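Going by TrEMBL, these are the annotated features:
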type	residues	note
DOMAIN	17-139	domain 'CMP/dCMP-type deaminase'
BINDING	H82, C111, C114	Zn(2+) binding site
ACT_SITE	E84	active site, proton donor
Amino acid sequence: MQEDTVSSNEQHPVSIKWIQRYFKIAEQVSSWSKDPSSKIGAIIVGDKGQIISQGYNGFPRGVIDSEDRYNQREIKYKLVVHAEMNAILNALYNGSSVDGATLYVHALPVCHECAKAIIQAGIAKVYIDTNINERWQESWHYTKTMFSEAKVECYYYNDEDGSITRQC
């Protein structure tokens, strides 16, 4: 899986300015999470630039999201819905299709479990704004493999220099 750098000078489906805006929105959405150690945000954008849905890492609707539960990792990990999955489920809950849409994820890479849902939902492109650290390497490997095979484009956006690198 080759990584191609796409600069703002080359033809790109979305301008850098809009990518920056979408990531600022995803970052704002991440602040809604009650998780004290991880605040992840995701937005799904349609082909006309409209925001279809958003999600953050948190417990399902109606589930008590107490500070105590968030501070016990073994409980938290069993109850938390990831931001990407939450955005997809929120779209479904509101009767919106995400087929052909673009997903922007702030603060962590897409895990292999969320990658499955992204593919099945029909999302066409994914942008992340986080480098892959050692902890996420194995999961990211499977995510990239699935995205490549399923023809889901994925990109890394570097906020420091505005560069975009194709990941799969």
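In case you wondered, yes, glycine gets a Cβ from its N, Cα and C as well.
In TrEMBL, annotation is done automatically, which means it is predicted and not curated.
Features recorded in TrEMBL, as mapped to the structure shown.
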residue	record	Cβ within 10 Å
H82	Zn(2+) binding site	22
E84	active site, proton donor	29
C111	Zn(2+) binding site	17
C114	Zn(2+) binding site	25
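In this model, the domain 'CMP/dCMP-type deaminase' (17-139) carries an average pLDDT of 97. Note: the Zn(2+) site is recorded as H82, C111, C114; in the same chain, A83, E84, M85, V110, H112, E113, A115, A117 also have Cβ atoms within 8 Å of that site's Cβ centroid.
In this structure, C111 (Zn(2+) binding site) belongs to neither helix nor strand by DSSP; it is coil.
Residue pair C114 (Zn(2+) binding site) / E84 (active site, proton donor) shows a Cα separation of 6 Å. The secondary structure of H82 (Zn(2+) binding site), as reduced to three states from DSSP, is coil rather than helix or strand. Here the Cα atom of C111 (Zn(2+) binding site) is found 9 Å from that of E84 (active site, proton donor).
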